[in-house]
Amino acid sequence: MLGLGVDRLQADINRLLTSLFHQGVLDEQFLQLQQLQDETSPTFVYDVINIYFDESEKLLRSLRLLLMDREFSDYKKIGLHLNQLVGSSSSIGARRVRNVCVAFRSASELNNRPGCLRGLEIVEHEYHYLKNMMHELFQLEQQRLLAAGVRYPM
Amino acid sequence: MGMAAVESHFHVLAVDDSSFDRKLIEKLLQKSSCQVTTVDSGYKALEFLGIESNDPNALSTSPQEVEVNLIITDYCMPGMTGYDLLKKVKESSAFKNIPVVIMSSENVPARISRCLEEGAEEFFLKPVRMADLNKLKPHMMKTKLNNQKLEEIDKPLNVAAAAAAVEPEIKDSAEVGSKILTLQSELEPKQVHLQVAQQEEQTLGNNNKRKSMEEGLSTDRSRPRFECITTAV
């Protein structure tokens, strides 16, 4: 029944992706990433997204530290961090994360501290949602490969 | 470095301070059958090419025999921006003919026109896609053809043989001279054709750029960005 397992898992993957596109969590740039994956780099999407997670979490931690500081005033630095987040989120097709980062950036350009704090909360929320969804996607993908009997260096 | 083996493959030098972006552009270029060298700064790019930079930390090695068919660089980089790098390349007599492409995640019309005026072939908004890279083939072909043309002129025997194939019987050296000129002008049409194709592509590209410039103007100035907050929640 290996074949059936693969088909079911593939259907689950497709359903999850469709839902994420529908919600606007992902956009077509994610498809572009998938198209870049091939035999020479079979884990490309996984690798790239993990780099994105690492870099984003560092940036988010830094943003939180900056804003938690009662004597905070370096809005420019916040702007620079957000530029990076906007850029990398666009590059992997994380549309919702990108959009909330842009909104957050607007608040920082107005030196609006409460707006920034709110913006950060929203970005963290969207980011964690995305991360959970990606983990689910990778798990399904792993299971599908196992079901298909593929050896996979991870 | 295996220079002799690289015939129909283009060699691209990609410059970006973000390791994430470097991985992406490298993959995109590899998918387009390009050989890729990535560096993380304008200084390293100049080093790689062998142009002297003002960076005291740069290694003072002699210029490498490297054929680079295209430089693609991020705009926003600490120290030397992509624009600075563009200027340095265009100022260098050895490398000014290498096409330079600028990438940026920001749609700033003034920035775009500044780069194009300074000699950038294209300006890509990130995220860069395969479709964008396909626009680059004509630019890279041009440098390849230029290099090949120079090689052909260096070999008079081949030229004469080819000239003989073009027109019957070469009588004296004066004729050979004029035949060489004919051959050169025969090569020109090919170049012109490429240039026309390039111009067409560029006009298309320019239209896209103009479009993005206009979009940039309208989204950056008149449309407030706060709408994003409401859609997210």
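Heads up, the Cβ atoms here are built off N, Cα and C, so glycines get one too.
Under the heading compositional bias 'Basic and acidic residues', TrEMBL lists B:211-226. Taken from TrEMBL, the feature domain 'Response regulatory' applies to B:11-141. The feature 4-aspartylphosphate is assigned by TrEMBL to B:ASP74. Taken from TrEMBL, the feature region 'Disordered' covers B:200-233.
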Over the span of the domain 'Response regulatory' (B:11-141), how high is the average pLDDT in this prediction?
88
The residue listed as '4-aspartylphosphate', DSSP three-state class -> strand
